[in-house]
Amino acid sequence: MNVREIALRSLLAICKDEGYSNIVVSQAIQKYKMEDRDRRFYTELVYGTLRYINYLDWIVSKISTRKLNKLDPLCLAIVRLGLYQIFGMTKVPESAACNESVKLATRLGNKGMAGFVNAMLRSSLRRRQEFSIPTMEEDPLLHLTLTYHQQDWLVKAWIKEYGLAETEALCRYFDSIPVLCLRTNTARVSRDELIAQLAEEGIQAEKAAYAPEGVYLPEIPNIGSVKALKKGLAIIQDEPSQLVAHVLDPQPHELIFDVCAAPGGKTTHIAALGGPTCTVYGGDIYEHKLRLIESNAKHLGLANVRTILQNACTIGQSYAGRADRVLVDAPCSGLGVLRHKIDLRWRKKPSDLRTLPVLQKRILDSASQCVKPGGVLVYSTCTMHDEENIQIVRQFLQDHGDFHLENAADFCRLPNHDGPCIQLLPQRDHLDGFFIARMRRGE
Ligand SMILES: C[S@@+](CC[C@H](N)C(=O)[O-])C[C@H]1O[C@@H](n2cnc3c(N)ncnc32)[C@H](O)[C@@H]1O
């Protein structure tokens, strides 16, 4: 099958059928056994079109007489893919972008669709001077959304919260390509030993500044071939996420609950830090996700991880007062990690910010009941929005007089953070947006 057609089918699977881009792309690469050159062209077509989608749709809305949501999904995907080759790529000749798109429309659609695609792409070439993005002075909102590929409701909210200059820095951060970060599995090796092993494989690695086990790989290798990962000497985990287990600070012989645990990034970190005599229960509401925790723990050689199928909104009834420490890494809007999955940034909805806090509060209320008197409760999210973070913690402390806040910043050496809660802001900290609060239950 031709590479453009595979890319088109992948775009339909992601945009129309709501597939996750990373899964759709890796399945296609495996299925079609693409050579290196084709694989690079294919991934650029899919990820590039997804990233540019609001700019491409802006062009469509200017040249099409039909409304975007009235266009057949196949036709829209072909037009977007064609426009991306014209406006987003430098190496594809314009004639090839047009002709190949028309061929796709003829083969997979019909004659009428082919005519429409042809008219749209040729018109975009004739009218290209209309598609330069307005400057910051002319139209700040449109400038930021189109330049940095973000939804306008989010950019509006950030402008209100942080002002224009900080919002631009935030958007720029979210549009940058993340450097792969590993966490050393200290149950097997030290960070220095891991770096030495990676060097033997010819992989350059740099120590993370704040996470003691963190290692960045600036030149992203073919992840599947990294021996240190295959041998379970490390796991992929971003740096802010690695700070959470340190704030929880697990100790030997303790019983710890991680109530929203899948796929187990933090559960396995807690298990490694607490050592073999500490037992960590990773809970999740989805049974299939418990298998991910189990397989990660097995791969990393951590025999002190157990799993429980449990709704965290009711976990307090089943395990009241049992745990020395409890982690609530709550389901959240994920608005702090927008640079990681391009498709997810287009799926965020304003309603997430209304519904999630209700769930987060219920989970924290119930999970807190599992904490023993004198025990520790940590609440974390990967977002910067107060409604999901500090406001949840404040309300919780108001409702539960037996808990008090401790200084989370004492457990990590982050500059600009005095605590008591840690709120990482990408535009200031150059790390993903993350929130961590640490509380203790009175004796
Ligand atoms: C932010 S993710 C956790 C990431 C995980 N802590 C890690 O570091 O790998 C949130 C998890 O909460 C789970 N979840 C959502 N609602 C839940 C509930 N009511 N009870 C338990 N788990 C829930 C989701 O399935 C998801 O795996």
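A Cβ is built for glycine as well, from the same backbone N, Cα and C atoms used for every other residue.
Any TrEMBL annotation is an automated prediction that lacks curation.
TrEMBL lists 170-442 with the feature domain 'SAM-dependent MTase RsmB/NOP-type'.
Per TrEMBL, S-adenosyl-L-methionine binding site is recorded for Cys260, Ala261, Ala262, Pro263, Gly264, Gly265, Lys266, Asp284, Asp329. Secondary structure at Gly264 (S-adenosyl-L-methionine binding site), taken from DSSP and collapsed to helix, strand or coil, is coil. Within 10 Å of the Cβ of Gly264 (S-adenosyl-L-methionine binding site) there are 29 other Cβ atoms, across all protein chains.
Around Cys382 (active site, nucleophile), a 10 Å sphere centred on its CB holds 24 further CB atoms from the protein chains shown. According to its DSSP assignment, Cys382 (active site, nucleophile) is coil. According to TrEMBL, the active site, nucleophile annotation covers Cys382.
Counting Cβ atoms from all protein chains shown, Ala262 (S-adenosyl-L-methionine binding site) has 23 others lying within 10 Å of its own Cβ. Across the structure, Cys382 (active site, nucleophile) and Asp329 (S-adenosyl-L-methionine binding site) place their CA atoms 9 angstrom apart. The 10 Å shell around the Cβ of Asp329 (S-adenosyl-L-methionine binding site) contains 24 further Cβ atoms across the protein chains shown.
Listed in sequence order, the residues Asp258, Thr267, Gly282, Lys289, Ile293 complete the 8 Å Cβ shell around the S-adenosyl-L-methionine site centroid, once Cys260, Ala261, Ala262, Pro263, Gly264, Gly265, Lys266, Asp284, Asp329 themselves are left out. In the shown protein chains, 25 other C-beta atoms lie within 10 A of the C-beta of Lys266 (S-adenosyl-L-methionine binding site).
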